[in-house]
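Inspection log for the structure reproduced underneath, given as structure tokens.
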Amino acid sequence: MAYPFQLGLQDATSPIMEELTNFHDHTLMIVFLISSLVLYIISLMLTTKLTHTSTMDAQEVETIWTILPAAILVLIALPSLRILYMMDEINNPALTVKTMGHQWYWSYEYTDYEDLCFDSYMTPTNELKPGELRLLEVDNRIVLPMELPIRMLISSEDVLHSWAVPSLGLKTDAIPGRLNQATVTSNRPGLFYGQCSEICGSNHSFMPIVLEMVPLKYFENWSASMI
């Protein structure tokens, strides 16, 4: 869950988000080291009186500044590719949910159940209850079982949208005429908030997403009550 004046990422709720957080820290460390080295070299150049205006080539230096950046790029690319494969892979999903973006609300369909589908609109500010979040609450939350792989099929009825839940490491474009796939897995129960992350019109800011992750038993009771 985000909080005011937050500088870092939201707490990871899924294995994918944990990997993304580690990759962020890994890349940031490399960027920090490179920036420190460059600033150190610049400070030396500005403070020293020694110059080498007659130097035309330096084979050793050129070799170093060719091989070193290549090695750094490999160190960044390898964990990135690993995470990409993890995000794309889903074997035997326990549940499939189809998500459709509209101007300006979301609709959900549980394809493993008959007639289990609903629309999800933002709750107006004047209807919020104490403790609820402005511009983030919805009238119908999407309820999913925790600790199980869930396949989300995401598309759009009209314009480009993007279904995004930061704490789960999810951001998948909803494109008209195209079906995109995302994997949802939560390590713990709770409410997780997201929003449409693609500018889709005048009410783009009013398309929140609320996932309620619950134990499997509670999900079965909820789905039975909805059918």
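Each residue, glycine too, has its Cβ placed from N, Cα and C.
What Swiss-Prot annotates here:
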TOPO_DOM  1-14  topological domain 'Mitochondrial intermembrane'
TRANSMEM  15-45  transmembrane segment
TOPO_DOM  46-59  topological domain 'Mitochondrial matrix'
TRANSMEM  60-87  transmembrane segment
TOPO_DOM  88-227  topological domain 'Mitochondrial intermembrane'
BINDING   H161, C196, C200, M207  Cu cation A1 binding site
BINDING   C196, E198, C200, H204  Cu cation A2 binding site
MOD_RES   Y218  phosphotyrosine
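Mapped onto this structure are the features recorded in Swiss-Prot.
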residue : record                    : CB count, 10 Å
H161    : Cu cation A1 binding site : 30
C196    : Cu cation A1 binding site : 25
E198    : Cu cation A2 binding site : 18
C200    : Cu cation A1 binding site : 21
H204    : Cu cation A2 binding site : 17
M207    : Cu cation A1 binding site : 27
Y218    : phosphotyrosine           : 15
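Among residues of the same chain six or more beyond the transmembrane segment (15-45), those with a C-beta under 8 A of the stretch's C-beta atoms are 9, 72, 75-76, 79-80, 82-83, 86-87, 166-170, 183, 185, 187. Each residue in the topological domain 'Mitochondrial intermembrane' (1-14) gets a DSSP state, and the totals come to 0 helix, 0 strand, 14 coil. For the topological domain 'Mitochondrial intermembrane' (88-227), DSSP puts the residue distribution at 21 helix, 61 strand, 58 coil. In terms of Cα spacing, the recorded positions E198, H204, Y218 that come within 10 Å of H161 (Cu cation A1 binding site) are E198, H204. Beyond the ends of the topological domain 'Mitochondrial intermembrane' (1-14), by six or more residues, the same chain brings 20-21, 24, 166-170, 184-188, 190-193, 213 to within a C-beta distance below 8 angstroms of the stretch.
You'll find the Cα of H204 (Cu cation A2 binding site) roughly 32 Å from the Cα of the residue listed as 'phosphotyrosine'.
Of the recorded residues, C200 (Cu cation A1 binding site) and the residue listed as 'phosphotyrosine' place their C-alpha atoms 35 Å from one another.
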